[in-house]
Amino acid sequence: GNDSAGGDDDVDAVGERNGGGAGNGDSGSEGGGWFESNTQAAAALEGAGGHAAAAEWSLSFPSSLENLGEQWREMPSRYRVCLGTCFAFVLCNMDKVNISVAIIPMAKDMGWSVSTAGFLQSAFFYGFALSQLPGGYLATRFGGAKMLPIGVFVWSAATAVVPFVAGDTKMLFLSRVLVGLGEGISPAAATDVIARSVPLKERSRAVAFVFNGFNIGSVLGLSLSPFIIEGFGWKTVFLIFGALGLLWVQWVGL
């Protein structure tokens, strides 16, 4: 169990302070979805003196889909935010590493030299390096809960277009730079989300949980990509991984 109120209590309490309108966290605030509204709810409770427990919440293995939905609705808002952010980081590294596997059949199909293949794989890191400091500024200026979905949208869309631009090395290079740009703003956005929504005594665990999504994403990306490529071709891995990110954006609300 945890010394925290359920997710509905978190968001309803903020709605009462702000004159209502927060609901249960499933319908977002103006211009955002549940991800942003839950971040604001958790931040408001923390600013008001912490997450005092109105009811004790504990995680148990769901007995049905209905029970899973019930547990999700009762989950404290900061936990929902951390789970959503962790999922984003899983997708982040899946889209980062997929080309490491796909580059072999891509180079064969396109007739690329080793130097061309290496140059294209480096494109991601140009974008990733360039977006670190701007990402920190944007997360501070507009809030991580706004910037993270934007970053996921950019890198996911850029991943999904790879099959359509692969015949032009310049366009493919640009698409991978955009993947790096989108992913580069994500660590700063996630750090801002955690700082705003998670109380200090839980923050180190939240950081470890969320950023472990990178490792899970690398394992999944490197493990699943070969099977997808062998079964359906290298283009499919980019379409599937990109679509998963766009679904995440649809889920949390942009």
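In case you wondered, yes, glycine gets a Cβ from its N, Cα and C as well.
A quick note: this is a predicted structure, and the numbers were derived from the prediction, not measured.
These features come from TrEMBL:
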COMPBIAS  1-13  compositional bias 'Acidic residues'
REGION    1-35  region 'Disordered'
COMPBIAS  17-34  compositional bias 'Gly residues'
TRANSMEM  81-107  transmembrane segment
DOMAIN    81-254  domain 'Major facilitator superfamily (MFS) profile'
TRANSMEM  119-140  transmembrane segment
TRANSMEM  147-166  transmembrane segment
TRANSMEM  206-228  transmembrane segment
TRANSMEM  234-253  transmembrane segment
Problem set entry | Chain residues outside the transmembrane segment (206-228) and at least six past its termini with a C-beta under 8 angstroms from it | 78, 82, 85-98, 100-102, 187, 190-191, 194, 198, 236-237, 240-241
Problem set entry | Whole-number mean of pLDDT values that fall within the domain 'Major facilitator superfamily (MFS) profile' (81-254) | 94
